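Feature annotations, reproduced from Swiss-Prot:
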DOMAIN    105-338  domain 'Radical SAM core'
DISULFID  CYS112-CYS343  disulfide bond
BINDING   CYS119, CYS123, CYS126  [4Fe-4S] cluster binding site
ACT_SITE  CYS343  active site, S-methylcysteine intermediate
Amino acid sequence: MRNLLDLSQDELANLLSPKFRAKQIYEWVYKKNARSFDEMTNISKDVRENLKSEFYLDPLTCVRSETSKDGSIKYLFKLTDGKTIESVLLPMKEEISSEDGSVERHARYTICVSSQVGCKMGCSFCLTAKGGFVRNLSAGEIVAQILWIKRENNIPYERRVNVVYMGMGEPLDNLTNVSKAVSILKDNDGLAIGARRQTISTSGLASQIKKLGELDLGVLLAISLHAVTDELRAKLMPINKAYNIAAVMDAVRAFPIDMRKRVMFEYLIMDKVNDNLSDAKALVKLLHGIKAKVNLILFNPHEGSQYQRPSIENVDNFRTYLQSRGVTCTIRQSKGLDISAACGQLKERSKVEM
């Protein structure tokens, strides 16, 4: 049997007659949250029985969830082959001014999804890397994370949702399936999550950044930089030996980005590793001529890590210097730290307690 979520609407239409059935099914699955074909009451019983014999709708089983004191929720999902992945819901608040001048607070959601079971990149600061690489996720397994989390939390279809490919795995090492997931999520008959609400993060696979740009999906790009010299970056991120900083920056400069948006550079700050003012100065030079936003991330500790969280003073000084030189810079508020759901803390669980 096949995972129906792996199919774009066009692919599904090519398998069905009449073709408009594909739109009906898409709307049932993505807009009406149908979890079985039996719920699709405007489709004949014979067609539903045929669909049940060929497809399944839910490739994920939630093994457990943990809720952080900040409201973040981490989910451990089991796939059909027994492998596991983790995803995170990050609820936030945004203020919207109404016509009468009053300010209303609305929930805004970001869903952090995994693109692989494990990861090949071997970054020394990341817990996901400790378990090695197992396999790529299919497009449907990626889409299912968003669909399941939205459904579980009763997030209205029309509510604003952002998707960040920053969970387990290197998204550009699974570019075919990630790009297909982006397109499925964009479908207006599906979840209708626009490309500008989807951010793909990469450790710096320069050749794949180029391929992603050629696909012209309209997604936002985030670069996990974390160091300003090749020597240090190669120690932190072995991928730098294949694609050094210069190669990554060349790929970024060639990447098509919306005029209203910026390329995000993620910079994980670690105590006495990359947190001094000389690093900040070198970063400003490195980003010269690029419409960039720097996201400073305080290292999130995990068992067995050789790194430590930096002092708030050093982080503030780092940010202040970047801003004084005209670089847009924010300090990411790490959500889910108390449930190991923050950056670099997700991992595959080979033995799951059911």
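Glycine residues also receive a Cβ, built from the backbone N, Cα and C atoms like all the rest.
The shown structure was predicted, so the numbers you read here are calculated from the model rather than taken from an experiment.
Note on the domain 'Radical SAM core' (105-338): mean pLDDT across this stretch is 94. Each of the recorded positions CYS112, CYS123, CYS126 was scored by other CB atoms within 10 A of its CB, and the lowest score goes to CYS123. Taking the C-alpha positions, the distance from CYS119 ([4Fe-4S] cluster binding site) to CYS112 (disulfide bond) comes to 16 Å. In the structure as shown, the Cβ atom of CYS119 ([4Fe-4S] cluster binding site) sits within 10 Å of 27 other Cβ atoms. In the three-state DSSP reading, CYS119 ([4Fe-4S] cluster binding site) counts as coil. Cα to Cα, CYS112 (disulfide bond) and CYS126 ([4Fe-4S] cluster binding site) are separated by 16 Å.
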